[in-house]
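Visitor: Dropping the structure in here first, questions after.
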């Protein structure tokens, strides 16, 4: 077994294929111990056969001897007819199944049977060709991992992009590009690395090397959020260009614009600038997985650093300048200061005005002089007079 093991298995979705006959295959993204990531395709019948053999190999953990000892997850048997809704509804089950497999003891999660099943096969590398009568239809899992069979509206058409320059891959999990190559984007990761496929190749590609076919602008780029989101830097970065910002590891910042190329606009006090999103993690979250991605791929290059870039569009993509970000950010923060602290200042001012009054000693009433004995005898009751007389 050695050091060869799987770190994580994620279900990307499923495909509806028509060759040799209509059937469905599930797409899994498998991350290995060397941080390489491979996409494999498996039918549900294959997964179920794998599951049955795994139970036979570990009868105690499968609960065959004592059901209370079962730790291997359950998996429903295939149906006689598997339609699209059935394929869709199984995604939640398979996601939980894979997650549980990875959490099992090492003797199961790293056994040869499991590792061999999720290795890349020759069929995984045979992508559909243009000569096929009907190409597969791809259905991707929602970002939040939730899926409902009632939400099926049709296949997800993978977006097509064009390479604006040559790109040499830096690792086995990446894909090389030549200027003019047209790729289908399977996943747009916030890090700025997109998982793409092209003919018989698949791999991660920096988004900065790709452009949409119909427009130079990225339609899915969100609007700036000057309220900001709290993040923590998990790796130091020294600015290379004037519009970037240098930060040390562990600094608290606010993200005000998340761009799909992986270079986000952040704010540190009143300073704004570009910073690689791969070096950021939401405040309060575990940074271990984020740091593993840095080791695997690193920050993607910025488009402004690409040499010999050639776009098919007449105009360049629209981008806000750092002066605009800074001006809008300062304006927003000034408005926030005026809006929020006002009631607090007014209340504190009122307390300050009232405080001296409460601290001043109140004037004490004058103590009247003690009445003389003659006055007491003259004004008191008969009972008091008798008591005084007896006392004397």
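Residue positions begin at 1 at the first shown residue.
Backbone N, Cα and C atoms are what each Cβ position is placed from, and that goes for glycine too.
Straight out of Swiss-Prot:
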type	residues	note
DOMAIN	4-125	domain 'PX'
DOMAIN	156-215	domain 'SH3 1'
DOMAIN	226-285	domain 'SH3 2'
REGION	290-392	region 'Disordered'
MOD_RES	304	phosphoserine
MOD_RES	305	phosphoserine
COMPBIAS	310-319	compositional bias 'Basic residues'
MOD_RES	321	phosphoserine
MOD_RES	329	phosphoserine
MOD_RES	348	phosphoserine
COMPBIAS	376-385	compositional bias 'Basic and acidic residues'
Visitor: Same-chain Cβ contacts of the compositional bias 'Basic residues' (310-319) under 8 Å, 6 or more residues past its ends?
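Guide: Beyond its ends, the compositional bias 'Basic residues' (310-319) has Cβ neighbours at 162, 164-165, 179-180, 211, 213, 215-218.
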Visitor: Looking at the modified residues 304, 305, 321, whose Cα is closest in space to that of residue 329 (phosphoserine)?
Guide: 321
Visitor: 304, 329: which of these modified residues has the sparsest Cβ neighbourhood within 10 Å?
Guide: 304
Visitor: Cα of residue 321 (phosphoserine) to Cα of residue 305 (phosphoserine): how many Å, rounded?
Guide: 16
Visitor: When a 10 Å sphere is centred on the Cβ of residue 305 (phosphoserine), how many other Cβ atoms does it contain?
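Guide: Result for residue 305 (phosphoserine): 10 neighbouring Cβ atoms inside 10 Å.
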Visitor: Secondary structure at residue 304 (phosphoserine) (DSSP, helix/strand/coil)?
Guide: helix
Visitor: Around residue 321 (phosphoserine), how many other C-beta atoms are within 10 angstroms of its C-beta?
Guide: 9
